[in-house]
Amino acid sequence: MLLFVGLGNPGAKYSRNRHNIGFMAVDEISRRHRFSPWRRRFQGETSEGTLDSERVILLKPTTYMNESGRAVQEAASFFKLGVGDVTVFQDELELAPGKLRVKVGGGIAGHNGLRSISAHLGNDYRRVRLGIGHPGVKELVHGHVLSDFAKSEMPWVEALCEAVADNAELLTGKRDSTFANKVHLALQAKGFLDKGDAGAA
């Protein structure tokens with residue numbers, strides 16, 4: 001069994017925020033793979049299903065971003081999962097819009113959701129980093145992540161979430177590089193990334 005966590009803030013006010021792209025990604029996994037309806041538990045919402053014969057629990061913490069670790073720890077404890085069974089889908093300022101990286105462990109780069117999860121679980125969980133781009137200067141970061149994607153950005157956001165969902169089965173087998181390559185190739189095919197953008201996980 002694996003736990004896939006999408007990070008974001010709860011409520012309609014935040015639903016299209018850049019900070020909520022993790023929620024958007026797991027919503028699309030649930031839709032594409034016909035997981036169970038979302039239900040409230042573990043200080044969040046869960047949807048359950050199977051990817052490549054592996055049972056997967058999707059979790060969207062409703063604690064707000066800064067306390068995400070409480071929900072993740074509660075779910076992981078209930079299912080007796082280790083930190084290596086947890087994958088977190090997060091927004092990433094340091095990646096260009098539409099780009100993706102997969103990494104196990106590492107720093108939190110100022111991300112409050114990751115800080116909370118690391119405080120509760122330790123650091124050795126997998127992160128699927130979904131690029132939202134950087135506003136250019138540090139002072140604009142807070143407003144950038146908590147503002148909505150522009151209407152003109154939604155095509156690449158939707159394409160990224162769809163590609164993540166279409167290839168999510170690869171994550172159950174730890175085929176992280178293949179997953180990242182396939183996602184980037186899907187975005188290239190739709191004209192959202194240049195040919196040189198694929199290949200790195």
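The first residue you see is number 1, and the count goes up from there.
Backbone N, Cα and C define each Cβ position, glycine as well.
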TRNA binding, same site as TYR14, TYR64, ASN66 - Swiss-Prot member from ASN112, ASN123: ASN112
For TYR14 (tRNA binding site), what is the tally of other C-beta atoms lying within 10 angstroms of its C-beta? 16
If I take the alpha carbons of TYR64 (tRNA binding site) and ASN9 (site 'Discriminates between blocked and unblocked aminoacyl-tRNA'), what is the distance between them in whole Å? 5
Sort out the sequence-distant neighbours of ASN66 (tRNA binding site) for me: same chain, 6+ apart, CB within less than 8 Å of its CB, listed by position. ASN112, GLY113, ARG115, SER116
Running the recorded positions ASN9, TYR14, HIS19 through a 10 angstrom C-alpha radius around ASP91 (site 'Stabilizes the basic form of H active site to accept a proton') leaves HIS19
For the C-alpha pair, I'd like the distance in angstrom between HIS19 (active site, proton acceptor) and ASN9 (site 'Discriminates between blocked and unblocked aminoacyl-tRNA'), rounded off. 8
The answer, for which of the recorded positions ASN9, ASN112 has its Cβ ringed by the most other Cβ atoms inside 10 Å, is ASN9
